[in-house]
Amino acid sequence: MNERSREGRLTIERGSERSSKLGLLWMLLGTGCFVGMAAFVKALREDGLTTSEVMFWRTAPGLVWILVELRVRGQALRPNAPGPVILRSLAGLGAMAGYFYALRALTLIENTVLSLLQPVLVAVLSPTILGERLDPRALVALIVAVLGALVVLRPDEAWRANLPLLPIAAGAISALLSALAHIMVRKATAKDSPELVVLWFTVTVSVGALMIGLARGEFLELPPGVIWKIAGMAGFGLAGQLLMTRAYGRMAAPMVAVVAYAAIPLSMLVDLAWGVRPGINDALGSLLMVIAGVALVRSRRV
């Protein structure tokens, strides 16, 4: 009996480990998709699209695909747990608005570093909201990751360079709202499918952005040559959203959130398209991100 219990426990542990690794992989792929999306957003903002217009075109095209998938699966559109789904959608709306607004004035790497306040906030807030236990080694990983982000940003030089304060503040507020949204994803997917959670988020952002934009006299016409950029932004954004939602459904929120730090080296590569070349501080900061990721994985092997 004891032998059977031991074998059963080992089987459960192996299954849990596989699930955790899959969650990390999905979050890594999702992070790559979000970096690609951010590049298209920045290009569209420079083409003259407003924050509301970019938000609408980022989310609205994906509605048809999500609705078709839910229909094929025979899933109801009404969530089983409306509270977490609604909170996730509203927090995500505010987070996206701040993020897209900041992208117009900041480089990808600067905006990414600001958004990486989010995993720290997830780690601080999720134990209270989700009742999760944060492994001390995971906390060390978070601290190392934050240090790496600061090395990349070089705040001592950034302030002397007179970076616009409003986009910086918008990016920081976006990180807080994004942390709340990510935590609510974990609660929402406990009773509803990831696709349903993404559907309600997409509807909330699309309708909200459209109403705000129309009230401000926007959505009159699209600049020439932006259709393919909108398609790229919407495609990467939807893929990243689905991958991230599935990742949070399989792992503890603070653990999988740290994988988002992979956006640092990815953003450095994409910034080359804007003539922003990485320096020594960028390389050192990226190395610290890798160390943080290794520490995170090791903290799971208990």
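Placed from the backbone N, Cα and C atoms, the Cβ positions cover glycine too.
No curator has checked TrEMBL annotations; they are predicted automatically.
Feature annotations, courtesy of TrEMBL:
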- 21-43: transmembrane segment (TRANSMEM)
- 22-153: domain 'EamA' (DOMAIN)
- 55-73: transmembrane segment (TRANSMEM)
- 85-102: transmembrane segment (TRANSMEM)
- 108-130: transmembrane segment (TRANSMEM)
- 137-153: transmembrane segment (TRANSMEM)
- 165-185: transmembrane segment (TRANSMEM)
- 197-214: transmembrane segment (TRANSMEM)
- 226-244: transmembrane segment (TRANSMEM)
- 251-274: transmembrane segment (TRANSMEM)
- 280-297: transmembrane segment (TRANSMEM)
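Taking Cβ pairs closer than 8 Å, the transmembrane segment (197-214) reaches residues 50, 52-53, 55-56, 58-60, 62-63, 66-67, 70, 77, 79, 85-86, 88-90, 92-93, 96, 185, 188-189, 238, 241-242, 245 in its own chain, all 6 or more past its ends. Taking every recorded stretch in 55-73, 85-102, 108-130, 165-185, 226-244 and counting its Cβ pairs under 8 Å to the transmembrane segment (21-43), the highest total belongs to 226-244.
In this chain, the transmembrane segment (226-244) lies in contact with the transmembrane segment (55-73); the count of Cβ pairs under 8 Å, excluding pairs fewer than 6 apart in sequence, is at least 3. The transmembrane segment (85-102) shares more Cβ pairs under 8 Å with 165-185 than with any other stretch in the list 108-130, 165-185, 226-244. When DSSP labels each residue, the domain 'EamA' (22-153) comes out as 111 helix, 0 strand, 21 coil, counted as helix, strand and coil in that order. Taken as a whole, the domain 'EamA' (22-153) shows an average pLDDT of 84 in this prediction.
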